[in-house]
Amino acid sequence: MEPTAPTGQARAAATKLSEAVGAALQEPQRQRRLVLVIVCVALLLDNMLYMVIVPIVPDYIAHMRGGSESPTLISEVWEPTLPPPTLANASAYLANTSASPTAAGSARSILRPRYPTESEDVKIGVLFASKAILQLLVNPLSGPFIDRMSYDVPLLIGLGVMFASTVMFAFAEDYATFFAARSLQGLGSAFADTSGIAMIADKYPEEPERSRALGVALAFISFGSLVAPPFGGILYEFAGKRVPFLVLAAVSLFDALLLLAVAKPFSAAARARANLPVGTPIHRLMLDPYIAVVAGALTTCNIPLAFLEPTIATWMKHTMAASEWEMGMVWLPAFVPHVLGVYLTVRLAARYPHLQWLYGALGLAVIGVSSCVVPACRSFAPLVVSLCGLCFGIALVDTALLPTLAFLVDVRHVSVYGSVYAIADISYSVAYALGPIVAGHIVHSLGFEQLSLGMGLANLLYAPVLLLLRNVGLLTRSRSERDVLLDEPPQGLYDAVRLREVQGKDGGEPCSPPGPFDGCEDDYNYYSRS
């Protein structure tokens, strides 16, 4: 019986420690910050996994074509391997080019690089697009699921699916497995990305905190896209194919465990929190003209980036005889203006929150001008400046319009954010599903100059459309969520409640001014007008 006393004391001490840690984690402000960290890590992982395969998969598929699991060793003449591309520079591998490295240097042993054939370029393009395609298909279902289940459980599901996808990438040995892993990542992203952004909007209901938190999330997305190709290329070169994926899988598992500790998604309190008001169906949100304008802007602003990624390297080689390091480094400086754009928009939104539409329109104009200038660049430095302008404009649009979506749901619908951010994810996925597959064909049929000018013109023409959002900042939460629920036909005792609500409104309650879509009042009767 003597050993039981120390055991009981240890158990009691562990219980007290667990309770103390749990109480600290449940403190509202601290929990909100931890949730932001968890979501940012999830977004970082998703974008790192999206880009980490850029220097790995094309080379590995070429090795499989050669009939060997590992690159061939040569001892007399060495050929330099491609430097790992940066940010979204998948073009060094996706472009239809048969560039061969130049023999140089002293005699030493090194891995011989292999390059995809033209047919493999098509397979790699489909592989890169498969993630966005599945994400595009799943988001109309994941949004309502998130609205019904709250945000923590779908985020946990997304992290679990991303963990499985990453492990599958690590042990993949053929194209079919790579394709399945990439598609599985799209399934995980449809849950993790949408629920993560929606959770931030829910935890930070007031401005400017909401814009600031979403800006931090966008910075992590950009950083993940930037750091993933060199991270994957270096580890692939020195540690093998599996190591970068296993590292990302470990971080994904840690993030999921941290979410379990902080949010406790399966506890009784979490089940009580899950009793959210019934959200507006996603098809009705899609028909809301304000939300449609924002979704169109998000798609339009991302098309130049998605279409330039797989084509710009070949154009650089043919136009300015760019070296391999220039093609690999061309996107690297763009991270700085992207973060600067996020910071600037957050600061401006804090001071002038009613001008979010103007920041988005300015971003579209900057994207349009930058895209039109790209074909005129004949050297490396001007091209870098143009791409920096492109990413700066994208930061303005994303940082201004993502909080606007949450605000529109607050004032025109029910404050449940899963479906509206599923629409935002659909907007991004449209661009990135088409880019790797369509961009090369457009360049071959029309030319790179026509592609860039067309995308720039589309952004310039769409910028004035955001004028339709100019009155959004003047809308107020003139009706509560309870009032929205009472729009349904009353039953039983609720007749009296509805009667009192109607009588209260006859007293001259202040109303919000109408927007340019006041003709849609009958369909979206969620705010009053004088």
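Every residue gets a Cβ built from N, Cα and C, even glycine.
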Do MET149 and GLY418 come out on the same side of the membrane in Swiss-Prot's annotation? yes
Residues of the parent chain within Cβ reach of the transmembrane segment (243-263), under 8 Å, 6 or more residues beyond its termini: 25, 31, 34-35, 37-38, 41-42, 45, 48-49, 52, 56, 152, 155-156, 159-160, 162-163, 166-167, 169-170, 231-232, 235-236, 270
Counting every protein chain present, what is the number of Cβ atoms, excluding its own, within 10 Å of the Cβ of ASP193 (site 'Important for transporter activity')? 29
If you count Cβ pairs under 8 Å, which stretch among 126-146, 153-173, 183-203, 214-234, 326-346 touches the transmembrane segment (423-443) the most? 126-146
Need a quick answer: max count of Cβ pairs under 8 Å to the transmembrane segment (289-309), which of 153-173, 183-203, 214-234, 357-377, 448-468 is it? 448-468
Report, in whole Å, the straight Cα-to-Cα distance of ASP193 (site 'Important for transporter activity') from ASP398 (site 'Important for transporter activity'). 14
What does the DSSP secondary structure composition of the topological domain 'Cytoplasmic' (204-213) look like, as residue counts for helix, strand and coil? 5 helix, 0 strand, 5 coil
Counting Cβ pairs under 8 Å that sit 6 or more residues apart, are there three or more between the transmembrane segment (389-409) and the transmembrane segment (126-146)? no
